[in-house]
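Annotated features in TrEMBL:
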type	residues	note
DOMAIN	50-159	domain 'HIT'
BINDING	Asn76, His148	substrate binding site
MOTIF	144-148	motif 'Histidine triad motif'
ACT_SITE	His146	active site, tele-AMP-histidine intermediate
Amino acid sequence: MPATPPGDAAVTDDFGLAGVPDAFQRLWTPHRLAYIKEGQDQVTSEQTCPFCRAPHRSDEESLIVHRGTHAFVLLNLFPYNAGHLLVCPYRHVPDYTDIDEAETAEIAALTQTAMRVLRKVSNPSGFNLGMNQGVTGGAGIAAHLHQHVVPRWGGDGNFLPIIAQTKAITQTLGDVRAQVAAAWPSAAGPAGSDA
Ligand SMILES: [Zn+2]
């Protein structure tokens, strides 16, 4: 890889439009700012936190694909791509340094399983994995830690989000949830380490 600093060539995508062609390309979407602002204002306690409330509803209602011992996995209601998953601890803690050893291990194992499942059901050519820490770090729900698992396909960062503020998602969330949940058990580690 050439060690050139980011310049004009590095901030345009395949179509020559403005973009940030690094691991966080799809995690920076200005048109989501309204949602982010609204979401932060609404999450003032565990009672109003969507990640605390989700496990108390059905898998279908909450788009949950797997429930582990210390953490669970659900589809992002506002996906960057079809199959965009979130791995969350059950505990309402904001920071990666807040989770204990067992939570850390299970979130890691669930992230690996999520990648295996997505490879099985939708054959992505890449992934973005990451945790946005704090409002400044871009977290939509900063009060409750969540790890993004975003499947990527060549050409998915196209011009639609820029010119139309629209992301083409070709499957309904319910369909994707059912597919991912069905594929989960066979993709989990042989030791069942993610419970
Ligand atoms: Zn919470």
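Glycine is treated like the rest: Cβ placed from N, Cα and C.
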Practice item. Determine how many residues of the domain 'HIT' (50-159) DSSP places in helix, in strand and in coil. Key: 36 helix, 25 strand, 49 coil
Revision key, fill the gap. Quick note, the residue listed as 'active site, tele-AMP-histidine intermediate' and Asn76 (substrate binding site): C-alpha atoms separated, nearest Å, by 10
Review point. If you count Cβ atoms within 10 Å of the Cβ of the residue listed as 'active site, tele-AMP-histidine intermediate', leaving out that atom itself, what do you get?
Key: 22
Study note, to complete from the structure: Neighbouring CB atoms within 10 angstroms of the CB of Asn76 (substrate binding site), all protein chains considered, total 18
Point to revise | Neighbour count (Cβ, 10 Å) for His148 (substrate binding site) | key: 23
